[in-house]
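Copied from Swiss-Prot, the annotated features are:
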DOMAIN    4-95  domain 'Core-binding (CB)'
DOMAIN    116-298  domain 'Tyr recombinase'
ACT_SITE  R159  active site
ACT_SITE  K182  active site
ACT_SITE  H250  active site
ACT_SITE  R253  active site
ACT_SITE  H276  active site
ACT_SITE  Y285  active site, O-(3'-phospho-DNA)-tyrosine intermediate
Amino acid sequence: MLDTQIQELIIKWQKYLSLQKNYSNHTLISYNNDLKHFLEFMNYYNSDIVTMDYIKAADIRLMRSWLAKRKCDNFVTSSIARGLSAIKNFYKFLEKTAELHNHVVFSIKSPKKSKLLPKALSEEEVNISLDHIEEYGNSQWIEIRNKALLVLIYASGLRISEALSITKLHLQNLEFIKIMGKGSKERVIPWLAIARNLITEYLEKLPYELKDDEPIFRGKQGKKLQPPVFNRELIKLKRFYGLPEHLSAHSFRHSFASHLLENGADLRSIQELLGHKSLSTTQSYTKTSIKHLETAYVTAHPIKK
C-alpha cells in the first residue's frame, strides 16, 4: 500500500512528534490512526500504491472525498477536524524534511462545530491544544512561554489575569501557589510538577532579567504579557486545528472545573479552587454530562439504598 520512502517518513514523523514536540500518547495514537485512514483512502482513490508523487498531488477533490468518507463512517465533527489537523501536521513535517509542498491541503477548512457547544473543552481538545500551542511563537522562549502558561491555567484553574500576575515570589512553595483573586480574596491552589517544570524551563530561556516581584510572563518586548496577546496565539491554534470557536484562555479554566467534576471531585472543593463565593456559581460554571448526573443521582439518593 505504501512505498518504502513513505513508510520511513511516517516513522520519522512519529518520532518527531514524540521526542521533539512531546505530544501525549493520546494524540500520537489518534494522529497515527488518522494518517493511516487517510493513506488507505488515497490508496483506494488512486487504485495504486501510495508514493511521494501521490502525496504531493493530493487535490481538492481527493481531500473533500476523504472528509465525506469520514462523515459517512459516522465520525463526529471533532474527530473529522482532528483528522484534518493530523494530515496538515504530516504535510507540514514533509515541507521541513522532504521539501514537499502542497498548498491545497492547508487550504482545506475544518468542519464547523455546533454553536451550542458548552464552554468547556473536551479532554481530547485540551490535549490537542497543549500538544500544539508551542508551534505558535517566533522564538523558542515564546513557544515554551505559551505552553507553560496554558498548562498552568488548565492545571490550576486560574483566570488569565491571575496567571499573568504570578511572580517569582509566588513560586517559592513547590506544592502550592497563593493567588489573590477577585475581590482581593486570597486562595491557595496546588500546582502540578508539569507546570513547575515548564515554568522553570521558561524562566531559564527568558531573555530578560526579572525582579522577584515582577510578573514572570513577558511579551516579546519584555513588558508584562497581556491577555489579548495570548488569546491571539490561541486563535491561531484553534483555526489551524479546527478546535471549537469558544476556545480561549478562560475556556481552560472552565475545562479544569468540568474535568475535575467528571472525574469525581466534589463541588465544594472545586468552588474553593476556583475562588467562587457561592456554590451556585460553581454549578453553572462547570460542564456536567447527563451521564455523570444520572450516576450521581442513582448512587446517592437515599431511596435507592
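Each Cβ is built from the backbone N, Cα and C atoms, and glycine gets one as well.
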Shortest C-alpha distance to H276 (active site) - which of the active-site residues R159, K182, H250, R253: K182
Average pLDDT across the domain 'Tyr recombinase' (116-298), rounded to a whole number: 85
Helix-strand-coil residue split for the domain 'Core-binding (CB)' (4-95), DSSP-based: 76 helix, 1 strand, 15 coil
Candidate with the highest Cβ count within 10 Å, taken from the active-site residues R159, H276: H276
Euclidean distance between Cα atoms of H250 (active site) and R159 (active site), Å: 6
Residue among active-site residues K182, H250, R253 with least C-beta crowding, 10 angstrom cut-off: K182
